[in-house]
Amino acid sequence: MERANDSSLMGFILLGFSDHPHLEAALFVFVLFFYLLTLVGNFAIIVISYLDPLLHTPMYFFLSNLSLLDLCFTTSLAPQTLVNLGGPEKTITYGGCVVQLYISLALGSTECILLAVMALDRYIAVCKPLHYVSIMNPRLCQQLASISWLSGLANSLIHATFTLQLPLCGNHRLDHFICEVPALLKLACVDTTVNEMVLFVVSVLFLLIPPALILISYGFISQAVLKIKSVEARHKAFSTCSSHLTVVIIFYGTIIYMYLQPSNSYTQDQGKFISLFYTIVTPTLNPIIYTLRNKDMKVALKTLLSKKNVLPTNMIFKEVFPRHVVSHPASI
């Protein structure tokens, strides 16, 4: 691939927060703290959902996928950020930047689709409870999860490759702490109008259509929940759905602010802090929100912690979905 620069040989200098050296030590502690919380929280959700037979349902299957996504997404970015903040070394190789761009873009795009899939699962569970088990069967769940992962991968391959085609003319000072598309576009020494149009179209597909579908599904969910006569069942349904809706608002809100606004509508420092929030903080909030607001997860966690003996092997390797799943909305 021909380039009018030598960035592929010398890599990039990540300026990061070097404009605010007094903040770097505090930000290092901040990032490390949230990164460790992300690892522990999301790994705990995966393990609990896997070990507790009562959580072998489509909802927790998708939640485990979300936790795995967050683990990989944060791990693709946090270590480099810690290196950038923790010492004088502010560089990243060209190959490292390319790998980081492809992986983070693929995982971020996958999460956009997966959150919409999780909303579809909640819609069917609440609005079509009698058909929930037959509709959300293991095969369909695996297909929906696969579509989410593959769509994210496809977007990354197309979008990242298109961005990396741009000549940089020797510009290698990246005013960011990670390799991200908007920051790379600013380094280009040619007209990036086409790339910005591609970025806008992709952002609409992944950042506007999925949340629109989610909001529509939750409109139907709200109507169905209000018709439930049992106060306890209604509260449980609202609690579970509000957990997912909270994650949706936090995730999409920050990324839409970053990608769907003109780059001149916010300062570069604002862009860095927004990126820091959705790359480091948001993956930590997901397990906190789902565990604190989800009674089933809290009960499962207490049960596993209270057991003195290790679960037998045949319990650990049970099928992902039970033969019988309660289909009433109160079990959501």
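Heads up, the Cβ atoms here are built off N, Cα and C, so glycines get one too.
TrEMBL: automatically predicted annotations, no manual curation.
Since the structure is predicted, the reported quantities are computational estimates derived from the model, not experimental observations.
The transmembrane segment feature in TrEMBL is assigned to 25-48, 60-79, 99-120, 140-158, 197-221, 242-260, 272-292. According to TrEMBL, the feature domain 'G-protein coupled receptors family 1 profile' maps to 41-290.
Under the criterion of 3 or more C-beta pairs below 8 Å, with sequence separation of 6 or more, the transmembrane segment (272-292) and the transmembrane segment (140-158) do not qualify as touching, having fewer than 3 such pairs.
Ranked by number of Cβ pairs under 8 Å to the transmembrane segment (242-260), the listed stretches 25-48, 60-79, 197-221 are led by 197-221. Restricting the average to the domain 'G-protein coupled receptors family 1 profile' (41-290) gives a pLDDT of 86. Same-chain residues lying 6+ beyond the ends of the transmembrane segment (140-158) with a Cβ under 8 Å from its Cβ atoms: 58, 61-62, 65, 102-103, 105-114, 117, 120, 202, 206, 321.
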